[in-house]
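Taking it in order: structure first as structure tokens, then the write-up.
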């Protein structure tokens, strides 16, 4: 990889500032899912095993007013990290000042410290000042002064220019990617910049508007783009097909027409749909080919579409999947998503890359996650990367 990584650094005795993505679901101090904490462990362990002092920064949720702060403290995250590492972790309930500086000065080689939620800096004295999320230059400079080197392992925020990623990096002589960031750059960056062919993209989700940039960028690179999910029916409308009460972005129909004209046979739409009388798992539903009848809405791709998609995927060497094929959270309309997820697990000769919450949930539910090459930890970041955009968090990492 052309970027500096944590394994290129001399860490012994160094204060290693680490931007991690510990933005986990938390309610009443209880963590709902610790995947993001677990994902950062290899980099944290590497730093402390090589004699570094790990000083971890992360945001947690959005803070718009003082009352948001208590429920979004990093304390439970530090406790969970301590359990996962099986060693004490120092938690500092502030993001700046003497208490934090003294705690950092007191660290021994191999120690771990978690500072308070970086977004506490977004609200000061009741004012919404956005020092962290607005990349306040003084804040980035201050945080940079607390460490010797900077490791960015938070791909989930790589598409954002914040004080805790870009701000710190711009005040450091060396910024390296952590192992998680390195993996994202290698797999997603590799798929976008230098894929092995045939390269097939599977794009789902509700809105064409969310995926336009990705479709545009991948039309030039992919051999086929398979479309599923709610956005299918904006394309159907663009072809003059009937869509019943299905989801449609009427203001995007002309754009969908342009994409269809440009794509030719590269863009593959579903040929059948599972349709229901209303948006309800228990509503009467059936499978129809082509047009969606009046009084029905399409909520999943049908079995013929699944078979056609599998036929395209079976010879692929690179596959990128982002977005569900239907209303995955309702069992009667989850089949398309689950079938695609299951099939990807059988493609042992291909690089298989999955991103997006529902697609990731599907492969985890099916138990095939470990059979895939890479599951992306970034929602918006992986989408923008697939769009071919320069991500500020990655651009700020030093080149080798």
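FYI, residue positions are counted from 1 along the chain as it appears here.
Cβ atoms are placed via backbone N, Cα and C, with glycine included.
Values in this document were obtained by computation on a predicted structure and should not be read as measured data.
The substrate binding site annotation in Swiss-Prot covers 21, 22, 23, 36, 59, 60, 61, 62, 119, 160. In the shown protein chains, 15 other C-beta atoms lie within 10 A of the C-beta of residue 61 (substrate binding site).
Neighbour density for residue 211 (ATP binding site): within 10 A of its CB lie 24 other CB atoms from the protein chains shown. Secondary structure at residue 211 (ATP binding site), as computed by DSSP, is helix. If you look up Swiss-Prot, you'll see 211, 329, 356, 357, 358, 359 marked as ATP binding site.
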When each of the binding-site residues 23, 359 is scored by other CB atoms within 10 A, the minimum falls on 23
According to DSSP, which kind of secondary structure is residue 329 (ATP binding site) found in, if we only use helix, strand and coil? coil
If you measure residue 357 (ATP binding site) to residue 23 (substrate binding site) at Cα, how many Å is it? 14
